[in-house]
């Protein structure tokens, strides 16, 4: 499988397919997330009311569950949405923001994991916290969030729950069943803009909506936002301008730009 050659057609397909993506996400990033989806070619819905949650899942092609600003009302909506997505065989992405921070957050994460998310995208610390919270055995889960420990935790999570696991960071690592790939794109300035990871999760759901292969969908999303962020940072003077420049690049990136900047490893 030559990943370099299949990713660009996936990106083009997203723009022509315009999948409808249901986001139960946090207050902080709703605007960023919606605009990232629109720029890349998808269509966002931000809805969390329990009375309409199942209807929303029904009309959308994929679901994002982001627990950033978690509360008792939203957690019920998230669980009901995930159940409905499973019932309809629709892909859903779990973004376990702040995993490990509180016992309540861990409790909700455990319930969501039981519903078998299609894809989990998180940073290294969150991935390790997921493994710890669900009592999955790893050799050395600690608080350092170093790559080796996070990869081991992610591999254990993949085997336990069957999801594609994405560890995002300076190097993004995507782990599927008998598959692993790394992406070395992006820029340090991206860490100064809130919601970059949340936008990555939303884009992952968008690609999962149009691609049968969820490993490829995850790689496509992370490659797109990584390459676009890297290019955008070159013409940005700080975090504020990066937000705008990134949206523009998600919208108008060319094949030549994408291929020339893409850095894939094993």
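Residue positions begin at 1 at the first shown residue.
Just so it is clear, glycine is given a Cβ too, placed from its N, Cα and C backbone atoms.
Here's what TrEMBL has on this protein:
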BINDING   46, 195  substrate binding site
BINDING   121, 168  ATP binding site
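Shown here: features listed in TrEMBL, placed on the structure.
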residue : record                 : Cβ contacts under 8 Å, 6 or more apart
46      : substrate binding site : 23, 25, 30, 33, 34
121     : ATP binding site       : 93, 94, 95, 166, 168, 197, 200, 201, 204, 218, 222
195     : substrate binding site : 28, 29, 32, 33
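Using a 10 Å radius centred on the Cβ of residue 168 (ATP binding site) and all shown protein chains, the other Cβ atoms total 25. Residue 46 (substrate binding site) falls within a strand when secondary structure is assigned with DSSP.
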